[in-house]
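Q: Pulled these from TrEMBL:
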type: TRANSMEM; residues: 20-38; note: transmembrane segment
type: TRANSMEM; residues: 112-140; note: transmembrane segment
type: TRANSMEM; residues: 188-207; note: transmembrane segment
type: TRANSMEM; residues: 227-245; note: transmembrane segment
type: TRANSMEM; residues: 251-270; note: transmembrane segment
type: TRANSMEM; residues: 277-296; note: transmembrane segment
type: TRANSMEM; residues: 316-336; note: transmembrane segment
type: TRANSMEM; residues: 348-366; note: transmembrane segment
Amino acid sequence: MALHCYSPFSVLSQFRGSKGNRVIICADLLSALLLRAIGQKLQKSYRMNLRPLGVLRSSQDRGILPCGDIAALVYLWNPFTILSCVGLSTSPIENLAVIVSLYGAVTRRVPLAAFGLIMATHLSLYSAPLVFPLIFLLGYGLDAPPIKKFLQTRHGGVETGSTSDVSKQEKLTPTTQLPFSWRTVLHFVFWVLVWSSYVLVLCSLSLKQYGGLEEMFKRTYGFILRIEDLSPNIGVFWYFFAEAFEFSRNYLLIIFNLYILLTSIPSLMFRLKHRPCFLAFAYLAFTSILKSYPSVGDAALYLSLWALFVNELTDMEYSFFIFCGYIGFSLLSPVMHNFWIWRGTGNANFYFGNAMGYACFQFMFVEKSVNAMLNHDQALKKATAEMTKNLAITVIF
């Protein structure tokens, strides 16, 4: 079930013929359509948040890119997506479940968002913490810069010539808090419990003769957390645990599995709670590096989510260098694997060195993307302060 996601060729026997190809192709096409719809929603929100600053008059004047179309094209024409499809991997189905959950939260279809989250978690344990971006999406709304805290809102009636300067200034009051929709979040929690119960009941009935839920959890989630299979992959865990001493294995398993929960999630939630969709991208990119059995389909997903924010990330640093790094290590990976496994002219360090370099470039990509987004929000904050200052001067004089 969930284990098939990490070995592209392990499901060939289940998807022989054109039937499996059609399922995977349909999943990719549906994912692209949902990404396009999410991008259209985010682009509309982006325009609405920039207009109060006076920096946007029309999308044509300011050259706002159609992020939804770009994200769909990035997903469909990404070499990683094509490799997952050709290799008959189930990663496209995982990606579809994640995108369905985001689409449901963006469009405020709470049952759909809960269904996508449960199915994504059922297929891959690492999708479970996506509940936090989804809660922020349903509670705070779509991504927006923190200008909600700095924008000035007008109160009162229409200004007249006899109005005093003091009364004009009092019409500008700061908005300091973001409204949070607890009712929608509780509705989401309810549907999460409903769908999870439904999935557990179905699994219990279908796997009764094979050991029930306990055996399923042991062979899926337990397999992922214990890292029992040390076959070479594009991740970094397999080599580390192959070299680690057996007496320290359990301790290292706890440290590595808790690292994501204790480092990435709290810090990203604190800095990016006003941008839940971007938070989902950052988390998916971070976990795709540190998960025990990654696949190229994971990179296809977070790269397409990154494309949803091309307007905000135009000033991202080292973008060309990172792009070349992705291409270089993607081409070197099969070469090093061939030297080590088939020709015998290399060793494990060849392939592991390539995996380490690929992981470093992924870390750099996530870090520079987050910095670019925070710098973009900081620039809008300064623009807001400047606009407020000019408006106050205009009101006084």
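Glycine is no exception: its Cβ is also placed from the backbone N, Cα and C atoms.
Since this is a predicted model, take the numbers as computed values, not measurements.
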Q: Considering only the recorded stretches 227-245, 251-270, 277-296, 348-366, state which has the highest number of Cβ pairs under 8 Å to the transmembrane segment (112-140).
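A: If we count Cβ pairs closer than 8 Å to the transmembrane segment (112-140), 277-296 scores highest.
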Q: By Cβ distance under 8 Å, which residues at least 6 away from the ends of the transmembrane segment (251-270) in the same chain are close to it?
A: 126, 129, 132, 136, 225-227, 237, 240-241, 244, 279, 282-283, 286-287, 290, 370
Q: Below 8 angstroms Cβ to Cβ, which residues of this chain, lying six or more residues outside the transmembrane segment (227-245), approach it?
A: 6-7, 252-253, 256, 289, 291-296, 333, 337, 340-341, 348, 351-352, 355-356, 358-359
Q: Give residue numbers and ranges for long-range contacts of the transmembrane segment (188-207): same chain, 6 or more residues beyond its ends, CB-CB under 8 A.
A: 110-111, 113-115, 117-119, 122, 131, 134-135, 138, 213, 215-216
